[in-house]
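Enquirer: One structure, pasted below without further comment.
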Amino acid sequence: NFSQVTEFILLGLSDTKELQVLFFVFFFLAYVMILLGNLLIIVTVRTDPKLSSPMYFLLCNLSFIDICCTSVTSPRMLVDLLSQRKAVAFEDCIAQLFFLHFIGASEMFLLTVMAYDRYTAICKPLHYTTIMSRRVCWVLVSACWAGGFLHSIVQTLLTIQLPFCGPNKIDSYFCDVPSVIRLACTDIYVTEWLMASNSGLISLVCFLVLVTSYTFILVTIRIRFTEGHWKALSTCASHVMVVTLFFVPCIFIYLRPFSTSPSDKHICMLYTVFSPVMNPLIYTLRNNEVKASIWRLWKRCK
């Protein structure tokens, strides 16, 4: 395109030095928790044969995606919090935008698959092993990654075809479609709606599918309530907490014309930082099988 901008300036979360140091400590600890917590889940699931069900296979993939997702934004944010000039090259900004949407959309699809897995296990238990075989799980996970890649390609192509020749300050701590395309020196009305219909509708449709799945699960549990269904209900409650924390901010950010709002960058922290932090806590502290497996892994390593 005809872009003259070679770099963008990230304004970050605050320009106050004391707050920047406080943010650095907080987000550094959060990033370490995300890495250690999700790595622990991956190692536990991979080393314990008792955790071979499709639910734990999908959970292992979710942990891997969470590590990738937060690693796209957190390291750059931590460096910028201690830097005077928060500049990012044009190519690096586009690369961050691409991988953020690639991994983020893949996580949306994977959370939807996890909801379908729980629906099948609870509402169709006799056919569960046939429907959710290992081969089917691999196909579904591959489809999640493929869907995320196609979504990200569309978002990236719509962004790089815009001319950037004027302002280069992004009021955020990372490069994302809404904040970047606002800087284009052309009319972006059509581009805004194309991107909103892409990212926003994907978020909304996946969330509605999740809500529908859990509604069927609740109806099934109400009809034939047993102790086993109570355990399933507890697991589903954990899933609902995760998807709400992840999807609601995404719907708010992407399913609307990209108007400027100072609160957007703070809302983005919910799905870039807090959701990956919550996943290992929810899936370990509320799951007795995972906690028992972690304890066995700890005893073997001693």
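In case you wondered, yes, glycine gets a Cβ from its N, Cα and C as well.
Annotations in TrEMBL come from automatic prediction, not curation.
As listed in TrEMBL for this protein:
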DOMAIN    37-283  domain 'G-protein coupled receptors family 1 profile'
TRANSMEM  20-43  transmembrane segment
TRANSMEM  55-74  transmembrane segment
TRANSMEM  94-116  transmembrane segment
TRANSMEM  136-154  transmembrane segment
TRANSMEM  201-221  transmembrane segment
TRANSMEM  233-255  transmembrane segment
TRANSMEM  267-285  transmembrane segment
Enquirer: Based on Cβ pairs under 8 Å, which of the stretches 20-43, 94-116, 136-154, 201-221 lies most in contact with the transmembrane segment (267-285)?
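Expert: It is 20-43 that shares the most Cβ pairs under 8 Å with the transmembrane segment (267-285).
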Enquirer: Cβ under 8 Å to the transmembrane segment (201-221), counting only same-chain residues 6 or more beyond its ends: which ones?
Expert: 105, 108-109, 111-112, 115-116, 118-119, 122-123, 151, 229-230, 232-233, 236, 239-240, 243, 247-248, 250-251, 254-255
Enquirer: Against which stretches of its own chain does the transmembrane segment (136-154) lie, if we need a Cβ under 8 Å and a gap of at least six residues from its ends?
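Expert: Those are 54, 57-58, 61, 98-99, 101-110, 113, 198-199, 202, in sequence order.
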